[in-house]
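Enquirer: Before we start, here is the structure in question, set down as structure tokens.
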Amino acid sequence: MISATKIRSCLAACVLAAFGATGALADKATIPSESPFAAAEVADGAIVVDIAKMKYETPELHVKVGDTVTWINREAMPHNVHFVAGVLGEAALKGPMMKKEQAYSLTFTEAGTYDYHCTPHPFMRGKVVVE
């Protein structure tokens, strides 16, 4: 008789093989600044995702390889950008908490689809599609 543990292990291996586990986002993006910075420092024409009313205002964003995306928190509640990877949703990159009118940027260096959420508010979800 096959144990439940062996069945679960085999199932997990099959799922990972079928969908492929992605590497850490740190290998696919660069972080211009580890810390949040003032929203006033964001250049005109920048690709921006505003965070307001407990949501990412642009829940799905399409950009090109090499583009920098900046998230700006427009409300008093602190938020962050927490990317996940793989079919099990393991952490790939967790941005810092941003206070009101603070920003955080990532430059995407590899094509792919990158799902993210706010750590303290997991119902806040977004996606960056890099083409």
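Heads up, the Cβ atoms here are built off N, Cα and C, so glycines get one too.
Swiss-Prot lists these features:
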type	residues	note
SIGNAL	1-26	signal peptide
DOMAIN	27-131	domain 'Plastocyanin-like'
BINDING	H79, C118, H121, M124	Cu cation binding site
Enquirer: Given the model, what does the mean pLDDT over the domain 'Plastocyanin-like' (27-131) come out as?
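Expert: Mean pLDDT for the domain 'Plastocyanin-like' (27-131): 89.
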Enquirer: Could you check what DSSP calls H121 (Cu cation binding site) once collapsed to helix, strand or coil?
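Expert: H121 (Cu cation binding site) sits in coil per DSSP, no helix or strand.
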Enquirer: Is it possible to get the count of other C-beta atoms within 10 angstroms of the C-beta of M124 (Cu cation binding site)?
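Expert: Neighbour count, Cβ to Cβ under the 10 Å cut-off: 19.
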Enquirer: Does H79 (Cu cation binding site) have same-chain partners at least 6 apart in sequence with Cβ under 8 Å from its own Cβ, and which are they?
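Expert: The list for H79 (Cu cation binding site) reads I51, N73, M97, M98, C118, P120, H121, M124, given in order along the sequence.
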Enquirer: Out of these binding-site residues, C118, H121, which one has the fewest other C-beta atoms within 10 Å of its own C-beta?
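Expert: Looking at the binding-site residues C118, H121, the Cβ with the fewest others within 10 Å is that of H121.
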Enquirer: Give me the DSSP three-state residue breakdown of the domain 'Plastocyanin-like' (27-131), ordered helix, strand, coil.
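Expert: The domain 'Plastocyanin-like' (27-131) comes out at 4 helix, 52 strand, 49 coil.
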Enquirer: Excluding H79, C118, H121, M124 themselves, which residues in that chain have a Cβ inside 8 Å of the centre of the Cβ atoms defining the Cu cation site?
Expert: I51, M54, K55, Y56, M77, N80, H117, T119, P120, P122, F123
